[in-house]
Each structure stands twice: as C-alpha cells, then as structure tokens.
Amino acid sequence: MRFIVKQNGCGSERIGRLTGFFKFPGAVIETPTSALFTQGGSVVHLTSDVLSRVFSSPKLLWVPLSNSIQLENGVKVQNDGVAKFAGLPGHVACATLNNLSEVTPSGHFEPNKVPLWTKNGKKMLSANRYMDVMEVFKPDIILAIADGRTALNEGSKRVSKAVNRTSQMLNECVDRYKAAKELQNSTLVGVIVGAANPKKIDECVQNVLKHVDTLGGIALEGITDGTVESMDLNIKTLNEVFEKVGNAIPKNLFHIIEGCWNPTVILSAIEYGWDVFDGSYPVKLTNAGIALKLSFDVTKDNDTMYLLDMVDQRYKEDFTPILEDCECLACKKHTRAYIRHLLNTREMLASVLLSIHNLHHFDQMFFYIRKHIASNTFAIFKQHITKQCEMLKTFAPDRYKGLNEAIDKQTFQKNKKIRVSEVLSSGLVSNNCT
Amino acid sequence: MGGTSKALSFTVQSECPTSRARAGIMKLPHYNVKTPVFMPVGTQGTMKGLLPDQLENLDCEIILGNTYHLGNRPGVDVLKKAGGLHKFMNWKRALLTDSGGFQMVSLLKLAEITEEGVKFRSPYDNSEIMLTPEKSIEIQNYIGADIIMQLDDVVQTTFQDYDRIKVATERTSRWLDRCLKAHKRPDDQNIFPIVQGLLNPELRRQSAQEHMTKDVNGFAIGGLSGGEAKDDFWPMVSLGTKILDKHKPRYLMGVGLAIDLVVCVALGVDMFDCVFPTRTARFGCALVNKGQLNLKQKQYQTDLNPIDKNCDCATCENYTRAYLHCIVSVETVACHLISVHNIAFQMRLMRTMRENIENGTFPKFVKDFFCEVYPDNNFPNWIVNSLHSVGINIINT
C-alpha cells in the first residue's frame with residue numbers, strides 16, 4: 001500500500017491517496033477520510049448487502065481487536081483475511097488493538113503486555129501475540145500494539161510507563177513485521193502515546209522516527225482514555241498536540257487519529273495535517289438515536305440543529321426525511337416519523353436507517369472537506385461547521401427534553417432518561433470548543 | 001374460474017390433478033400476489049431489521065402488520081396523517097392486518113370477552129378499553145391493508161368446554177356481520193371471515209357454511225396452530241378447504257413450518273403467515289430443508305459453508321456458517337443476516353411448490369420433500385394420513 005500527498009492546502013491540511021492495496025491494486029481511498037467502524041468484523045448494524053446500497057466504492061474498515069478477536073479461528077481456517085471472513089471482501093481493513101471510544105477498567109498492565117477488553121473479559125496481549133493475530137487477520141493496515149488509553153491529564157508515572165511499554169512493543173512489532181513474509185502485504189503504522197507529558201511524547205515520537213523506513217503511517221493515541229471527562233477538552237490543548245506531533249512526523253506518512261471526536265475536533269486535526277479517523281462518531285450517534293445533519297453549503301447561514309434526537313416527540317408526525325436533498329437511502333425512502341416510531345418501539349430497523357444516514361452524511365462531510373482543501377477554502381468550511389457545532393451547546397440539553405406522550409408516557413420517560421444520559425456521557429454533544 | 005371484485009380478484013391457474021393443491025394469482029390493490037404464498041409478519045410496521053427494499057428483493061409479495069400493536073404505536077392518528085401503513089413504512093406491495101383480537105387474548109391476561117367485544121386494560125396506562133368489531137375495522141380501515149381480518153372470538157385451541165367453543169363460533173359469525181357493516185372501504189380493502197370451531201368438526205362445518213353465505217372475497221381458517229396435536233390439526237384444515245368456495249383464496253392463520261406448509265398446500269390452502277422464521281432467526285437458528293441449524297453450536301466454528309449451498313440469498317452468497325457462529329446473539333447484523341436467509345427459505349419453498357403445481361409434478365415434489373426431511377422414511381403418522389387423504393402416498397416410494 002502507498003500513501004501519496006496529492007495536494008497541500010493553505011495550512012497544513014492536505015489531500016492524499018491511499019492506494020496500491022494488495023488485493024485491489026486499482027482502489028483509491030482519498031484522504032482526509034473516516035473509516036467505517038466495525039464490530040465483530042461487520043459495519044455496525046449493516047449487512048454487506050445493505051452496505052453496498054450506501055457505498056459503492058471500497059472503504060476503509062476500522063477493526064478493533066477487542067470486538068473481533070473471536071473471529072480468529074474462523075479467519076485462520078479460511079485463510080483470506082478478516083474482511084473477507086466478515087463478508088466484506090470488497091473493502092480494505094485497518095486493524096487496531098482497542099476501541100478507544102469505549103470506557104474500560106483502568107490498570108491491569110504487565111511489563112510486556114497490555115489488556116484487551118473483550119465481551120468475554122480481559123485478555124493480556126503481548127506484541128508477539130498481537131502480531132500472531134495480525135498474520136491471521138491480514139489487514140491492509142496494522143496499527144502497532146500500544147498502551148494508548150491515557151487521558152491528557154494522566155499522571156506522569158503512568159504516562160512514562162505507557163511510553164516505555166509502547167516503544168518497546170513497537171520495536172517488537174517492527175521485528176516481527178520485517179521477519180514475516182505473510183505481513184508484507186500489510187502496512188505497519190506506529191502509534192504515538194503519552195501526550196500528557198511533553199517530554200515523554202517526544203521520546204515516543206523519537207522511537208517511532210527510528211522505524212520511519214518501515215512504517216507507512218502513524219496514529220495518535222494517549223489523548224483520551226475513552227471517558228467523557230477526558231474528551232471534554234479545550235480545543236487549544238488538543239490543537240497543540242495535533243500540531244506538535246503533526247510537525248514532528250514526516251509528511252509522507254499518513255496520520256491517523258483514534259477516538260470518538262466531534263466534527264469541530266476532526267476539522268481542527270485536519271487543519272494540522274491529519275488524514276484518517278476511526279469512524280466511531282457516527283456509530284455512537286446512531287446508538288443514541290441521533291441523526292447527524294450538518295449543512296455543508298458555506299454560502300448559506302445555517303441556524304438549525306446539527307444533531308436531531310430522533311426519539312423526540314416533535315417528529316411523531318413529521319413526514320419529511322431527516323435531511324431534505326440527502327441522497328442516502330434512509331432519506332430518499334423514509335420519514336422522520338417512521339424512524340421515530342421504530343426507535344419508540346425499539347425495532348432494529350431504526351438503527352439500520354440511522355446508520356445508513358449517519359454514515360452517508362459523515363462521509364459527505366469528508367467529501368466536502370477534500371473539496372474545500374482542493375479549492376483552498378478549507379478555513380471557510382471549517383468555520384462554517386464549527387459554528388454549527390457550537391450552536392448546539394446553547395440548546396442542549398434542554399432541547400433534548402420535553403417528552404409528553406400520553407399513551408406511553410412511563411416507558412418513554414424511562415427510555416428518555418437513559419438516552420439523555422447516554423448522549424451526555426458519550427461526549428457526543430459538548431466538547432468545550434471555545 | 002375466479003372470484004372478482006374491485007378489491008380482489010383470484011384466479012386459479014393450475015390445479016394438482018391428484019391433491020387439492022392449486023396455484024393462482026390474487027390481484028390486490030397494491031400487488032398481484034402469486035399463491036400459494038407465505039406472508040412474513042412485520043408486527044410493528046417493520047420486518048425485524050430488514051429494509052422494504054430487501055423484502056422486495058426477497059420476493060415478498062404480501063406481508064402482515066398487527067392491528068393491536070400499530071393502533072398503540074404509532075397510533076391511528078399518525079397512520080391516518082401518513083396516509084396509511086403502506087406510505088408510513090414505504091412498502092409498495094400488498095399488506096394484510098389481523099383484527100387485534102388474537103393479541104388481546106394472547107398478551108393480556110385480563111381480557112374479558114362479551115357480546116359487545118373484547119374488554120381489556122391497556123398495558124400502557126391501565127385504562128379500560130373495549131375493542132369491538134366496529135372499532136377493529138375502523139382501525140384497519142385507517143391502516144389501509146389490502147386484506148383485513150374480522151374480529152373473532154378467540155378461544156385457546158386446546159380448550160375443551162363445548163359450550164364456550166359453540167358460543168365463540170356463533171359469536172364470530174355475528175361479529176362478522178358487524179364487521180362487514182362497519183367496513184368503510186370495500187372498494188380497496190377485503191374483509192376475510194375467520195372459520196372458527198376449534199377442533200369440533202360440526203362447529204367448523206357450521207362456521208364455514210355460514211361464512212360462505214356472505215359477500216366476501218376470501219376466507220381464513222383460524223383457531224388452529226395453538227398447541228393442538230397434529231392428528232387433530234390437519235382434519236380441521238382439510239374440512240375447511242373442502243367446504244370453502246374453491247374460487248376464493250383460503251388463508252390458514254399462524255402456520256409456517258416447512259412440513260406444515262407442504263401438507264396444507266396439498267390440502268388446498270393458498271395463504272400462510274407465521275412469526276417463526278424471523279423469530280427463530282433472532283435466536284441464531286437458520287432454516288434448511290432438513291429443519292434448522294442452530295448456528296451457536298460449536299460444530300459451526302470452522303464451517304466455511306454457507307447456511308445452504310443451494311440458497312441464493314444475500315446471506316448465503318456472502319457469509320459462512322463460521323462467521324455467523326461468531327456473531328450470533330452478539331451483533332444485530334447476525335439477526336438481519338439470518339432473517340434474510342429464513343425469509344428467502346420460506347419464499348423459495350413456496351415458489352418451488354407453485355412451480356411443481358404448474359408443472360403437474362406436485363405429488364412427486366411432496367414425496368421427495370418428505371424423504372429429504374425424514375431420510376430414514378420414518379414419517380410421522382399425521383403426515384402420511386393427511387397426504388393420503390388427498391391421494392398422495394409417501395410411504396411406498
């Protein structure tokens with residue numbers, strides 16, 4: 001696989017191409033882009049048949065081992081990689097250790113191992129064991145195993161250990177990678193952790209730079225531990241990290257950011273030269289019953305909400321699509337009232353339709369990002385999106401209350417309580433962006 | 001041959017020369033449905049995670065909605081404003097709704113049935129609600145399905161009290177008259193009467209004969225598939241199809257297991273519905289000719305075959321048993337994938353039966369089918385007997 005920078009914008013933002021994949025030499029994935037987040041190898045809530053109704057070209061699949069390690073035996077027997085085993089042979093897989101947008105217990109480290117939190121509990125993984133799984137999964141992109149689940153306010157002792165452990169495990173991954181013929185069709189990505197401590201992150205960057213000839217890209221962890229508190233950051237603090245690491249890493253490596261970041265953070269990172277995101281944001285929205293509805297037209301001021309809480313009573317008799325003029329199957333064929341009914345009755349089709357819309361719309365955001373970088377208007381677009389995201393804070397969470405359905409009041413309020421807290425605790429709405 | 005009205009025209013296109021099986025076409029306002037047909041159940045205006053587009057690809061021509069559930073959520077007002085269930089869920093083909101009576105008796109312990117209707121407490125706000133034949137039809141008129149069902153007096157199939165069964169059977173006929181009278185959309189909706197009488201042949205005969213005198217376009221056989229012995233079940237179906245007008249479609253309610261479908265098509269039934277294929281899918285069970293595979297079982301862990309190599313559904317095309325084994329009961333995608341396969345299985349079975357009826361090879365198909373299900377030829381008696389009653393002998397092959 002190759003990464004080529006096609007065009008630089010006014011700032012550090014850039015348009016790039018991931019291409020030359022082993023199985024699809026002709027396929028091109030343009031960056032900046034978001035991967036499609038998977039669980040158990042499948043794009044969350046969507047079968048391959050339905051996915052093909054949303055995207056017709058190859059996409060990057062984000063495959064955290066924490067929710068897919070149970071596939072190992074099957075993938076091994078089939079011997080054709082995790083994407084094929086999961087019924088998605090037309091797509092490109094990027095494998096990583098954990099789902100960074102998930103809260104897991106802290107601690108539980110051993111000198112050369114990190115914990116993998118699966119549905120069936122904790123598994124301790126060494127770099128060697130991790131690379132064993134990678135030989136089986138054969139993803140197109142492998143993020144090296146890392147100890148990256150630390151927040152920006154993490155204590156220095158923990159950060160110091162995380163950096164040392166990550167550096168040592170990267171060295172082992174590189175050795176395994178160089179030695180194994182089976183891994184030559186994959187691209188190895190170095191992971192940078194320890195952003196909470198300027199000195200330690202420099203160390204981590206230096207170690208990654210040692211392997212720069214072997215690595216195809218770098219990924220940034222160590223800025224969140226998955227909790228809301230750790231994500232509710234001043235954007236300036238995050239930008240400093242994005243800038244510092246972005247500048248330290250050669251431009252010919254693609255840059256990945258993991259975690260469930262909202263559009264404001266994503267656009268900031270892109271401004272500092274980051275290219276790939278893990279796609280957990282639209283999935284979290286879907287699971288909270290929320291539809292994403294950004295306005296992409298910079299010529300029009302937008303004063304409507306960019307997130308719709310689809311369970312809200314207000315959509316009960318709203319027979320319009322989530323978003324007028326949206327080309328996704330959910331908007332072309334179904335109404336807000338129908339989706340609300342499906343959420344209200346806890347029918348699985350609700351998540352399917354919301355996934356279709358949210359994934360399509362999120363993908364569109366990246367399409368417009370690339371378009372504006374190409375025409376040197378990225379700053380305007382960023383401003384346009386950031387403004388919409390900031391507006392929500394004025395309304396939330398009050399706009400997300402107020403359900404008064406007579407017929408099923410009790411059930412509703414119960415659901416609603418869970419949902420509001422889900423929304424708030426998922427960090428979807430408020431990032432202190434100012 | 002055929003019964004015709006504005007809302008339904010049924011043409012029998014081929015008849016099996018041996019059994020009572022027939023293949024036909026039932027023209028409904030929203031779709032021309034080929035019979036015999038299996039109707040998957042989409043209780044709340046959705047088929048368990050599948051898009052209407054997927055159902056069309058699966059060849060579903062008519063699906064079911066449940067009046068009781070839809071009347072509660074989204075509610076009649078919303079459905080009215082949406083312009084009916086077809087538009088609300090964006091399903092362009094045919095729909096059938098039940099009367100709501102069955103749910104009341106099966107879901108609600110406190111239902112009280114009087115001549116006026118079914119009285120029950122709302123599980124939502126505990127208020128007392130009366131579902132009358134008129135009310136049921138009113139709601140169903142708003143939902144707007146192509147075929148709607150009369151409210152019937154439902155008694156559990158295994159119930160023994162003759163007097164209660166007699167009352168229920170006769171009341172069902174009286175309620176039919178009230179339903180027909182209350183019906184506001186006879187030009188684009190069809191009320192099907194329900195033949196009752198549980199396991200009593202005399203009451204069933206009466207019920208069927210009474211319904212035959214009404215101006216209706218099709219009939220349902222109800223009150224079966226409720227836990228009765230198979231030996232008691234099939235004679236009641238047979239009795240129904242023998243009496244009911246052969247120029248009108250006959251719908252056997254709540255039946256959907258493959259072996260039952262094959263027997264009852266041979267007995268002359270045209271329409272079936274059952275929650276089984278989608279419900280069992282959610283438990284990780286996939287339908288195959290020989291029964292079902294429980295994909296949770298360890299034996300599938302490294303099985304790289306599709307669920308059924310002769311199946312052309314999207315699931316069998318793209319996924320292995322090994323993969324499904326890994327995700328059943330963990331990912332929603334697993335439910336969707338197995339539901340797709342199970343509906344495809346039902347549709348294929350019905351299509352195969354239609355083709356065999358059309359080609360005059362239905363008896364042979366029936367024999368081959370049961371020989372595959374029971375490879376040691378150890379056929380259950382009720383299957384042998386029921387098929388024998390319509391001239392198909394599966395034993396001496």
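Just so you know, glycine gets a Cβ as well, placed from its N, Cα and C.
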Listed alongside A:C326, A:C328, A:C331 for Zn(2+) in TrEMBL, from A:H357, A:H372, is A:H357
Judged by the number of other CB atoms within 10 angstroms, which among A:C326, A:C328, A:C331 is the least packed of the binding-site residues?
A:C326
Which residues, in sequence order, are found in the same chain with Cβ within 8 Å of the centroid defined by the Cβ atoms of A:C326, A:C328, A:C331, A:H357 at the Zn(2+) site, excluding those residues themselves?
A:P321, A:I322, A:L323, A:E327, A:L329, A:A330, A:K332, A:I356, A:H360, A:H361
Please give me the CB contact count at 10 A for A:H357 (Zn(2+) binding site), counting all chains in the structure.
29
Per DSSP, to which secondary structure element type does A:C328 (Zn(2+) binding site) belong, with helix, strand and coil as the options?
coil
Averaged over the whole of the domain 'tRNA-guanine(15) transglycosylase-like' (A:13-388), what is the pLDDT?
95
